[in-house]
Amino acid sequence: MNIHEYQGKEILKQYGVKVPEGRVAFTVEEAVEAAKELGTQVNVVKAQIHAGGRGKAGGVKVAKNLDEVRTYASEILGKVLVTHQTGPEGKEVKRLLIEQGCDIKKEYYVGVVVDRATGSVVMMASEEGGMDIEEVAANNPEKIFKEVVDPVTGLNGFQARRLAYAINIPKELINKAAKFMMSLYQAFVDKDASIAEINPLVVTGDGEVMALDAKLNFDSNALYRHPDIVALRDLDEEDEKEIEASKFDLSYIALDGNIGCMVNGAGLAMATMDIVKFYGGDPANFLDVGGGATEEKVTEAFKIILRDEKVKGIFVNIFGGIMKCDVIANGVVNAAKQIKLDKPLVVRLEGTNVDLGKKILNESGLNIVAAESMADGAEKIVSLVK
């Protein structure tokens, strides 16, 4: 689950992480009032969307007086920002963060992530702050420094100081920077975050170490422990299909392709997307119906896939263990009949009750293409949508 920058900063403040004073605004008048309350000569008007790259897209402006605050707020509110993370459709700006300007002496990057390669939490830091960290990693990997964190001891002081030295934090601010990093790590752990990214972390002219931007994402599986985080959810920022899928406990992520995929099991779902790509297709989604899906759940999953107008065909790939193939078959047939399916449908079934499942599909009267293997199914659906 993602939250807005201003919400992330409020959480970090609770852990002693220093951030600029700011106010959220939903209208131009609220933006001007917020700037008045802050009482500084320079304010920053920042679009609040769940995506990076806002500055390059015109979503971050420095205002030197109240008239400029009004002008920039008018320009940004309601604007559709298109960044490298939003996709070509962009995101409409419905709220702003009005923040005190600060005297930036140097920008850095600090982030806490889950590293799949080591199976550990890793704190990363770089002197190349304010930039796309993926770009830095690709072009100048030697400029990114990492510390693997032992989950028992947590981030140690010496590790934080080592990172601060590595990225050339001024010597007199090393301890401040180390404290900042340790507070960031504690927030990451306490809130079950999946990423906590500060880009940029800045050193100011008056010797402060401050988070100028903050990105916090949270593990959806742990949200039951954090009703305070759930309350921060902004449904306007989420894909409607993903919201609908969550109501039925379906794991759905919209992608940019045209082949809908319905699979049971996250590993098989990823393998299915890979093999569709291998045969020249583009998956339209990741969709895991889980091991204990009911007919209703399968039917809803099918409907959600077909809400995507880009979908030109569907590949159902099921290995029945806990999930029974006849349940999947009934769900597919019911959904196809309800929505009067007129797009290619390839189904591969294996496992529990596979013969019964195939019988249900064969007797449905629907134009369903059977696949004998995952590769066979991927090849068939790719050829059918071309």
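Glycine is treated like the rest: Cβ placed from N, Cα and C.
For the substrate site, Swiss-Prot records Gly321, Ile322, Met323, and the single candidate of Asn221, Asn258, Asn264, Asn367 listed with them is Asn264. Sorting the binding-site residues Lys46, Arg54 by the number of other Cβ atoms within 10 Å puts Lys46 first.
In three-state terms derived from DSSP, Ile322 (substrate binding site) belongs to neither a helical nor a strand segment and is classed as coil. Non-local neighbourhood of Glu107 (ATP binding site): Gly129, Gly130, Pro200, Leu201, Val202, Leu212, each in the same chain, at least six residues away, with C-beta under 8 Å from its C-beta. Taking only the Cα positions, the spacing between Ile322 (substrate binding site) and Cys102 (ATP binding site) is 57 angstrom.
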